[in-house]
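Before any comments, here is the structure.
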Amino acid sequence: MICLVLTIFAHIFPSAWTGINERTFLAIKPDGYQRRLLGEIIRRFEKKGFRLVAMKIVQASEKLLKQHYIALQDKPFYDRLVKYMGSGPVVAMVWQGLDVVKTARLMIGETNPAHSLPGTIRGDFCIDVGRNVIHGSDSRESAEREIALWFQPDELVYWQDSAESWIYE
């Protein structure tokens, strides 16, 4: 219900999450956590110039995961996906920057690692589609919904990046 209200609110009032304030949700999945890829993944987004505004390590509940993946509930792999995502720690993150949703998806690579180019996270670290290390929002709308699911507003840190003038014109 909360997600529905937030979605309606987001459509009525234009988001402040545009331009260099655009935000996306990323989650390092249990396989990425167990394989100790956190530092490498975070490093890539920091080096790109994006700003980390929230991060936490959680053992996601089945309820949260079912809400998160609700659009996939009719897919044959849905139950396996929810079980897998609940099998270990997940690192939930919010990143901010210009075109961060689109750029993060490019940096992550295709859902199926076999179709991901070298240099992408999945191209470099994944083999199997069922263990593809990281989730990234696929649109601004998804990002807003997913951020609201995983984080309370007071968990997002607003800070001035001293390098911003060296990243953006």
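Heads up, the Cβ atoms here are built off N, Cα and C, so glycines get one too.
Annotation comment: Swiss-Prot describes LYS29, ARG105, THR111, ARG122, VAL129, ASN132 as ADP binding site, evidence class similarity to another entry. In the three-state DSSP classification, ARG122 (ADP binding site) falls within a helix.
For HIS135, the entry in Swiss-Prot reads active site, pros-phosphohistidine intermediate. In the three-state DSSP reading, HIS135 (active site, pros-phosphohistidine intermediate) counts as strand. The Cβ of HIS135 (active site, pros-phosphohistidine intermediate) lies under 8 Å from the Cβ of PHE25, LEU26, ALA27, LYS29, each of which sits 6+ residues away along the same chain.
Note: THR111 (ADP binding site) has non-local neighbours ARG122, VAL129, ASN132, i.e. same-chain residues 6+ apart with C-beta under 8 A of its own C-beta.
The Cβ of ARG105 (ADP binding site) has 18 other Cβ atoms within 10 Å, all protein chains considered. The secondary structure of ARG105 (ADP binding site), as reduced to three states from DSSP, is helical.
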